[in-house]
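Feature annotations, courtesy of Swiss-Prot:
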TRANSMEM  20-39  transmembrane segment
TRANSMEM  43-62  transmembrane segment
TRANSMEM  98-120  transmembrane segment
TRANSMEM  135-157  transmembrane segment
TRANSMEM  164-186  transmembrane segment
TRANSMEM  196-215  transmembrane segment
TRANSMEM  235-257  transmembrane segment
TRANSMEM  267-286  transmembrane segment
TRANSMEM  299-318  transmembrane segment
TRANSMEM  322-344  transmembrane segment
Amino acid sequence: MTTTTSTLPLPTPWRDKLNGILFVALMAAAVVQLADLPFIRQFGFSPLVVGIVCGMLYGNFLRGTMPADWGAGVHFTARRLLRIAVAFYGLNISIQQIAAVGLPGLAVSVGVVASTLLIGTVAGQRLLGLDRDTAMLTAAGSAICGAAAVLAFEPTLRAAPHKSAVAVATVVLFGTLSMFLYPVIYHAGWLPFDTQALGIYIGGTVHEVAQVVGAASNIDPATTEVATIVKMTRVALLVPVLLVLGFWLRASAAAGADGKSHAKLPVPWFAIGFLVLAIVNSLDILPSDLVTAIRKLDVFVLTMAMTALGIETRFAQIRKAGPRVMALGLVLYAWLVFGGYGIVKLAT
């Protein structure tokens with residue numbers, strides 16, 4: 001009697017999930033190429049922003065062309081892969097960068113992040129009637145690092161994808177406006193800062209890293225260098241902010257469960273991973289070529305996550321809260337421009 005052994009195919013659920021992940025990866029690869037086109041780069045649109053826009057267009061107009069079973073892979077990319085990518089984003093930060101801007105740069109970063117989060121959360125809920133998640137996601141995008149911060153907050157809050165999408169929209173609109181506005185008001189003589197203070201102001205108040213570089217590069221290289229370092233200092237504050245958010249959510253959950261203390265602590269493990277990898281990067285123990293390769297791969301995975309979020313978002317959901325979210329984005333932008341000016345004046 002002979003026995004034949006054949007290779008069994010993957011179980012259907014896993015095969016469908018893998019197909020969904022690969023589909024998003026192919027879309028993300030196209031997005032990266034699209035974001036690299038000169039006419040898109042000049043506006044400072046990162047692959048993350050282009051990814052969510054392309055994902056939303058596909059999800060709302062062409063979703064029927066994707067097998068429904070692949071949705072599990074899209075969801076996995078928008079949740080699990082997202083968290084891994086946020087953790088590896090820590091390789092973009094180092095203690096040396098934070099030290100380079102000194103106490104004034106750190107003080108401005110802390111002041112801007114804390115005040116913007118507070119204003120956004122309170123104004124969004126009490127003045128504009130937004131739900132907690134949408135208000136906090138929008139505030140995070142303005143306060144810390146644009147789309148990447150929205151991505152980091154979303155799994156911690158367990159927010160719906162469309163809430164992240166509208167928050168990212170404010171980052172795109174007002175961050176892009178900054179790239180044109182800041183050089184204009186500087187050359188008009190309305191920003192009486194030296195190079196160091198000007199770099200701190202731009203890095204401390206513009207939404208995304210690419211937008212910071214876009215705004216500062218229209219002034220001079222020295223300002224661009226300072227602005228980029230200060231911006232990365234704001235990014236580094238993502239970890240303590242997420243940890244505080246986790247403890248606050250636990251306290252809220254405990255209060256809502258008749259004071260029971262066993263409520264699950266939603267401290268995001270990827271925030272710890274972010275911190276560990278930032279320390280690893282500071283120690284300079286990994287080959288520079290390896291770090292560069294991981295950073296590029298991480299941007300690609302983040303682009304996949306944003307694309308997947310876009311696919312899961314529906315325009316009808318955005319229209320429901322769109323005007324109020326944009327109003328909150330405008331309030332926060334006014335605070336960044338004028339309040340940020342005051343904070344820089346005090347710190348420098």
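Note: Cβ is positioned from N, Cα and C throughout, glycine not excepted.
Between the transmembrane segment (164-186) and the transmembrane segment (98-120) there are fewer than 3 Cβ pairs closer than 8 Å, counting only residues 6 or more apart in sequence, so the two stretches are not in contact. Same-chain neighbours of the transmembrane segment (235-257): 89-90, 92-93, 97-98, 109-110, 113, 117, 136, 140, 144-145, 148-149, 152-153, 156-157, 209, 263-268, 271-272, 274-275, 278, counting only residues six or more beyond its ends whose CB sits under 8 Å from a CB of the stretch. With Cβ pairs under 8 Å as the measure, the transmembrane segment (98-120) is packed most heavily against 322-344, out of 267-286, 299-318, 322-344.
Using the rule of three or more Cβ pairs under 8 Å, pairs at least 6 apart in sequence, the transmembrane segment (135-157) is in contact with the transmembrane segment (267-286).
Against the transmembrane segment (299-318), stretch 43-62 has more CB pairs under 8 A than any other of 43-62, 196-215, 267-286. Listed as Cβ neighbours of the transmembrane segment (267-286) (distance under 8 Å, sequence separation of 6 or more from its ends, same chain) are residues 83-84, 86-96, 152, 155-156, 236, 238-239, 242-243, 246-247, 250.
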